[in-house]
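Structure first, then comments.
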């Protein structure tokens, strides 16, 4: 077992905060419409250029163990914000650093860290409630485009394409992003279906950066029962291997020996495979599997019809242009089912909706109808070089996630203005415990930092702009860093999803609280590199090489 390095008190926190600063300084330059790019060296291929805060954060690992612990904690705030709201990662990073720095100063001055945390939590909850109250629902295509534009760092085309995609498939519809093979940026609507079941093992993942399994032109096996033994499937598996195409297995469950065997074959590269549970329960599960069978021109292997796995041929398998599987969802794009069969199935479901008297059944049937007939919108992102395409695709994915968040919880004034103005509500929040009151003061000051950083990235003095905005009572009055003018942010279309702002603050406060309440830190002690043995010849420095 490796020996451990143990640090206590302010010494541990100060060293962690050095790591926090290193990561925050790399991420903060991307904030706002005039934020800068960050170039990241990759282990292979061209360097990556990005303005995405979480991509920058994820790329950072520090050599010093204690500093790295601080950096990794800060990284978790950005990552959580990206997972929950899809955006706000840089804001979360800037807020977390400000909260942790100020909190640590007070702990060093003798304040109780647990009471500071309670005060911070009280302040954060008050701000979150205010954000929810002041959020405005968005309905028009223009408003959706505005959110997409701001989240993609002012790229109007991205905002407009996302709005168009949402118009095509509905706000709740499935929208995916992929790289185009030309210069253009287009929206294409294809036949497709998404259901809420993810991969049964993370070993099926093919894209480790996004933690998704991507299968191009796969066969799709639909089996009504549980799969616990692959012996009956061997003939069909051999046929799939010979075809050199991937396989998606959708069954009631895949467990035990069957799952282990699939994972081993996937890791050895013999069979490109992924397995997911079938969506729904009971009779509804069977109906949804039949929908998938029609969509992919496959057959549902069910013992009710006397079908057995050992007798299944490759003709019984469905096919699709592409399948993407995340931890929680599976998206089947462009199944090869014929139009007439799909239309007949849609009419059948519509007649069932008309006949049913149960609201619950009606809702579930309408969900099936939307999945079968709604289609999938694909945003095809092009560019002049591979580096440009990847950078733009990252921004499109961020903007899409932010737009979904805006549809879900509404929008507030953007550009850090909402956080700044809600900080003034906290000045009226008083508690008897002086340490908790100090925790509230920490949050008041930290809420000014995102706007300061946006302004400073645009080349102006952040403190001066913050002071000028706080003189105004209008909560929507802010600074447009793109045009360098003071405007009504809502009227100017500078809006942020309420969910993004809320999540950024909550995740930042969570991480900062962990840092200021840490009293002991235990990490692996760095190994001391042994000196290389000297050789008799003049090439002594080569002694450590082993061929």
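From the backbone N, Cα and C atoms, a Cβ is placed for every residue, glycine too.
Copied from Swiss-Prot, the annotated features are:
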| type | residues | note |
| --- | --- | --- |
| BINDING | 30, 31, 32, 33, 51, 87, 88, 89, 90, 91, 415, 496 | ATP binding site |
| REGION | 528-547 | region 'Disordered' |
| COMPBIAS | 537-547 | compositional bias 'Gly residues' |
Would you pick out, from the binding-site residues 30, 90, the residue whose Cβ has the largest number of other Cβ atoms within 10 Å?
90
Please determine which of the binding-site residues listed here (32, 51, 88, 415) has the lowest count of neighbouring CB atoms within 10 Å.
51
Largest pairwise Cα distance, Å, within the listed ATP binders 30, 31, 32, 33, 51, 87, 88, 89, 90, 91, 415, 496?
17
